[in-house]
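So that you can see what the record holds, here are the features copied from TrEMBL:
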- 3-115: domain 'PLAT' (DOMAIN)
- Gly18, Asp75, Ala76: Ca(2+) binding site (BINDING)
- Trp100: site 'Essential for stabilizing binding to COTL1' (SITE)
- 115-474: domain 'Lipoxygenase' (DOMAIN)
- His361, His366: Fe cation binding site (BINDING)
Amino acid sequence: MGHCYRIRVATGAWLFSGSHNCVRLWLVGERGEAELELQLRPVRGEKEEFVLDSPEDLGTLQFVKLRKQHSLVDDAWFCDHITVQCPGTSEETAFPCYRWVQGKGVLSLPEGTARLAGDNGLDVFQKHREKELKERQQIYCWATWKEGIPLTIAANCLDDLHPNVRFQEEKRLDFEWALKAGALEMVLKRVYTLLSHWNRLEDFDLIFWGQKSALTEKIHQCWQEDDFFGYQFLNGANPMLLRRSTSLPSRLVLPSGTEELQAQLEKELQNGSLFEADFILLDGIPANVIKGEKQYLAAPLVMLKMEPNGKLLPMVIQIQPPNPSFPTPTLFLPSDPPLAWLLAKSWVRNSDFQLHQLQYHLLNTHLVAEVIAVATMRCLPGLHPVFKLLVPHIRYTLEINTRARTQLISDGGLFDQAANTGGGGHVQLLHRAMAQLTYCSLCPPDDLADRGLLGIPSALYAHDALQLWEIIAR
């Protein structure tokens, strides 16, 4: 009497996941192996079921082996997973794949239970781990993009990346069409305003059309207000710079005639309600030259006070730190003429963009994640529990970072074309930021405590970050 194994093969649901090539499949157990007589032609988004009648009991299943056959065209197949229902049980044994199957080689999928190296005495799993890592270490190699910057994947272009870390087709199309739509919108706005004159702030409404949301409409109404300016330091795109003051910053030079301001600052300091945002990292970074026109960079300091209602309001802005040529930099106050005060706040927002994009987004997020992604692929086999936890989160890290290095921060890239830290200043800024990077600065409980931002009801970013951290810790 034979032993019936019910096999289900799931193919990915995105474009081109299926294949016109035939796939052979066989089961490997502790007592032997058996080949499925039928040959599979995988269909996108389908879960196909087969029955294998084996004359022998294969015992505990260890692997499912695959081999894709082709004659003229190697039509890659994205296999999600395979499950097998063994004789005499209703439970299924899972064999995760979630990768492209191509070429004529044999692909071995181990049973999906997470295992550490010391957790099993089966030599067959250990050999599989060693073979897998040896192959991955040839595929995922380290490279140096710029000295002093975290190591990257060795890929000079997208085609150098392994298919398993590339965007799936729908994601690629969505990503690239979004870029094209944004570029087209800018071109149309440029044509629309080509003959227009810009004399008032309200003239910016000429380009405030196209893709909108409830949030952009709200910002459009309140972007000049002081409480929204302060709110952005707590809950905006870059909530990483604000800290509670423990003393008045040494760079804040208060000239004669500002005694009232000094008294207000010291009062807020004593009450524990004085905060600061210091962009000193930008001091001395060379500004870009775009189409022959010199750009400028500020390294502001903003002092803010927390009102009892939770609103964070700016008290004073210093655009540049003191230097021998300007030992007492100009201070901008809310009582200044409205356009002068708005211009000072605009310089702060410009500086905030530079640090957000380069220090906190590019370095602390993308480049640090890339180190983890490459190390994971080189050092952790698929059976390792940490690999199983990490791999869904680093799925597209290598492609998006390669795109950034070849299109955004490359020589002649978008930063060189449009940002005032481009032209080499962005690399210098990354070096400075790297020198300040610590492990604790990447951990929200430590970072928020160091910056004195715990227990503030209006600090919504802090609340969300701590909740996510607690969930991950559990």
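Just so it is clear, glycine is given a Cβ too, placed from its N, Cα and C backbone atoms.
Curation plays no part in TrEMBL annotations; they are all automatic predictions.
Where TrEMBL records a feature, it is marked here on the structure.
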{"residue": "Gly18", "record": "Ca(2+) binding site", "CB count, 10 Å": "19"}
{"residue": "Asp75", "record": "Ca(2+) binding site", "CB count, 10 Å": "15"}
{"residue": "Ala76", "record": "Ca(2+) binding site", "CB count, 10 Å": "18"}
{"residue": "Trp100", "record": "site 'Essential for stabilizing binding to COTL1'", "CB count, 10 Å": "20"}
{"residue": "His361", "record": "Fe cation binding site", "CB count, 10 Å": "16"}
{"residue": "His366", "record": "Fe cation binding site", "CB count, 10 Å": "16"}
Additional residues around Ca(2+), ordered along the sequence, whose Cβ is within 8 Å of the centroid of Gly18, Asp75, Ala76: Phe16, Ser17, Ser19, His20, Asn21, Pro42, Trp77, Phe78, Gln102
Local confidence of the domain 'PLAT' (3-115) - pLDDT mean: 90
Summary of DSSP states over the domain 'PLAT' (3-115), given as helix, strand and coil counts: 0 helix, 63 strand, 50 coil
Ala76, His361, His366 filtered to the binding-site residues whose C-alpha is within 10 Å of Trp100 (site 'Essential for stabilizing binding to COTL1'): Ala76
Residue pair Ala76 (Ca(2+) binding site), His361 (Fe cation binding site) - Cα distance, angstrom, rounded: 34
Cα-to-Cα gap, Asp75 (Ca(2+) binding site) vs His361 (Fe cation binding site), nearest whole Å: 37
